[in-house]
Amino acid sequence: MVFKKTQPSPSLKNPERIQSFKKLSKKIGIKFSKIEYYNTAFIHSSYKNENPEILEDNERLEFLGDSVLGLVAARSLFQKYPKASEGELSRIKSKIVSTPILNSIAEKLNLGEYLLLGKGEKNSQGKGRRKIAANLFESLVGAIYLDRGFEVAEKFIVQHLLEFAENPDMEESVRDYKTQLQEYSQKHFKTLPVYRMKGESGPDHSKMFQVSVRIRDQWEASGYGASKKIAEQNAAKELYIRIRRGF
């Protein structure tokens, strides 16, 4: 994520700062009632530490946003995948609220443009920068929740998080558990895993596939995904982890 180098004053009396939030409001399609929430959402703790006049940073909003994200993700997945087990739902949830996903959405929305960041943090790279961006998305969710309520926050999350996470283009980022399972099965069981399509559900534009994988009659697991490929990967992951753990 690219963070703005020349940053305006955090004061809401500053025309440039106010204009930036009008731009953000239009971009995400949400009318801001209390801009002060969003102002705080985009003040990093490092900026507050370097500017004693700043009374609050975005960490509390980040905490709140993380909780709202978790609830929305859990409820949405519970409703969308009625046949998925608790373990499967937990794995899907952990993926879609992970730092890489939140960072990708923050970059897509260019949230770094609005962030007030300390001089030291501006030079952060790699995981540190991705974590800042992911936390920024959470603090924005917290601000939306306080300002507009749960329903508006939920709509924003579903639009920018859950749909993004189910994008088939993300298949390339899925760890190749099929290959790992195949290699392990050949080495220890002298046979190949067998995949079987178990079913599909949902409308045409948002299909959910279920695939099972079996090694002989000894090991079997199922996986779900927005495509057959992802479902196979998730099934392979489930079985591979079970085998390695011995159950």
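The backbone N, Cα and C atoms fix where each Cβ goes, and this holds for glycine too.
Marked as active site by Swiss-Prot on the basis of sequence analysis: ASP66 (among others). Spatially close to ASP66 (active site) yet at least six residues away along the chain are GLU138, GLY142, judged by Cβ distances under 8 angstroms.
Here Swiss-Prot flags GLU138 (among others) as active site.
The annotation Mg(2+) binding site is assigned in Swiss-Prot to GLU62, ASN135, GLU138 on the grounds of sequence analysis.
According to Swiss-Prot, the domain 'RNase III' annotation covers 21-149, on the basis of sequence analysis. For the domain 'RNase III' (21-149), the predicted model reports an average pLDDT of 88.
Sequence annotations record features per position, and here Swiss-Prot assigns domain 'DRBM' to 176-245.
Neighbour count (other Cβ atoms within 10 Å of the Cβ, all protein chains): 23 for GLU62 (Mg(2+) binding site).
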